[in-house]
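Record features (TrEMBL):
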- Arg48, Lys54: NADP(+) binding site (BINDING)
- Arg125, Ser126, Ser127, Gly337, Lys352, Pro353, Thr354, Ser355, Ser356, Arg378: FMN binding site (BINDING)
- 277-338: region 'Disordered' (REGION)
- 277-292: compositional bias 'Basic and acidic residues' (COMPBIAS)
- 293-306: compositional bias 'Low complexity' (COMPBIAS)
- 319-331: compositional bias 'Polar residues' (COMPBIAS)
- 356-377: region 'Disordered' (REGION)
- 356-375: compositional bias 'Polar residues' (COMPBIAS)
Amino acid sequence: MAGNSFGQLFRITTAGESHGPGNVVIVDGVPPGIPITVEDLQVDLDRRRPGQSKIVTQRKEPDEPEILSGVFEGRTTGTSIAILIRNQDQRSKDYSDIKDKYRPGHADYTFDAKYGFRDYRGGGRSSARETTARVAAGVIAKKLIAEAFGGQVVGYVKQVGDIVADIPRPEDVTLEQVEKRPDGEPNIVRCPDLAAADRMIALIDKVRKDQDSIGGVSEIVATGIPPGLGEPVFDKIKADLAKALFSLPAVLGVEYGIGFACATMRGSENNDVFERASEGARVERPEARAPSEPEASAPGAKSSASDNGPEVSDKGQARQPSPSIATQSNRHGGMLGGITSGMPIVLRAAIKPTSSLSKKQPTVDNTGTPTTIQTKGRHDPCLLPRFVPMGEAMVAIVIADHWLRWRAQCGWAP
């Protein structure tokens with residue numbers, strides 16, 4: 001099977017199935033010196049973990065990561081990082097009655113059509129269980145971009161069914177708002193609009209009791225991202241972000257910025273006006289630096305040129321410090337021409353309703369004979385609450401990869 005790796009310089013490779021012994025990720029390209037511990041990994045794995053509340057699957061997995069290589073005394077060594085998350089609560093017998101039947105909405109048929117053989121237990125390699133490995137890798141990516149230039153990625157639930165949260169400034173949403181309510185109780189649906197969150201929980205609980213499921217939208221926001229990441233043609237950062245999100249289970253649509261609403265607008269309405277960024281502007285251009293170095297030039301780094309003249313680069317070329325530029329609005333979602341602009345990257349992923357249902361559905365078996373199917377396994381009535389850390393992880397991985405690629409190609413430039 002091909003297609004188990006993602007990224008160029010920050011590169012992850014995953015292995016594992018839903019009901020196998022566990023899931024593994026190998027992370028290559030991580031610079032030395034990044035602080036990382038098992039406890040760091042556990043935070044996001046707990047956010048993704050099943051069995052958290054009544055509105056997610058009741059499969060009980062501790063998801064305790066084991067760092068097998070690439071970390072010494074709490075810091076990355078620069079070598080490949082291997083992480084293992086063991087499966088402990090498989091119930092493979094739940095799938096024995098449907099091993100020859102094709103579950104509607106699942107990859108059972110397409111997997112058979114391609115390989116002629118499949119692990120029917122919980123979807124095997126196609127299961128969202130594989131994302132434990134990605135979430136672990138995403139923690140490392142988040143650490144890297146935070147160390148390098150102060151970047152941050154925060155996701156949340158924007159919509160469940162027809163209930164849409166009112167979030168006027170996505171870039172201001174904090175992880176604490178996503179995870180906790182003001183009284184300290186867990187925000188189990190991970191929506192920062194608490195009025196909408198309560199309605200979402202009620203809707204998810206209703207569809208669960210109806211033996212059904214519901215979809216929605218997750219919004220993911222990356223802030224502190226310097227301008228200059230990405231390429232103008234085939235390696236546009238927006239294209240890599242779309243690929244990253246579409247590679248996650250159940251994602252049926254991706255948009256950024258104003259998204260599909262741009263189709264109804266005129267150019268004069270859609271364009272974001274440039275301006276010199278003022279103090280307290282929407283985006284601060286962070287001073288980027290390599291994690292293991294005291295100083296390094298990076299996209300968006302503040303110039304150290306004095307008033308006496310232009311700074312001279314290590315190439316001996318005079319360069320004028322460029323002003324910090326922002327836009328008055330952010331309909332472009334932080335990316336122009338496939339390259340980051342320095343404004344917040346705002347993405348939305350449409351998540352389909354869970355395909356596995358407790359209610360009986362018509363289908364066919366692997367001989368084409370009509371039959372019915374009723375799934376006995378434990379499944380999410382809504383995937384959105386647990387999708388949030390998955391989406392964050394993939395966005396952070398793309399940004400980390402593009403930052404390393406920028407540093408390799410343009411790291412000496414202004």
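Placed from the backbone N, Cα and C atoms, the Cβ positions cover glycine too.
Automatic, uncurated: that is what TrEMBL annotation is.
Positions of TrEMBL features highlighted on the structure.
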| residue | record | DSSP (3 states) |
| --- | --- | --- |
| Arg48 | NADP(+) binding site | helix |
| Lys54 | NADP(+) binding site | coil |
| Arg125 | FMN binding site | helix |
| Lys352 | FMN binding site | coil |
Chain residues outside the compositional bias 'Polar residues' (356-375) and at least six past its termini with a C-beta under 8 angstroms from it: 98, 100-106, 112, 210-213
Chain-internal residues, separated by at least six, CB under 8 A from Thr354 (FMN binding site): Ser213, Ala250, His379, Asp380, Pro381, Cys382, Leu383
Largest tally of Cβ atoms lying within 10 Å of a Cβ, found at which of the binding-site residues Arg48, Lys54, Arg125, Lys352: Arg48
Alpha-carbon spacing, Ser356 (FMN binding site) to Arg48 (NADP(+) binding site), which is rounded to whole Å: 19
Alpha-carbon spacing, Arg48 (NADP(+) binding site) to Ser127 (FMN binding site), which is rounded to whole Å: 14
Separation of alpha carbons, Lys54 (NADP(+) binding site) and Arg125 (FMN binding site) (Å): 26
Local Cβ density at Ser356 (FMN binding site) - other Cβ atoms counted within 10 Å: 21
Distance [Cα-Cα, Å, rounded] between Ser127 (FMN binding site) and Lys54 (NADP(+) binding site): 21
Cα separation, Lys54 (NADP(+) binding site) to Lys352 (FMN binding site) (Å, whole number): 19
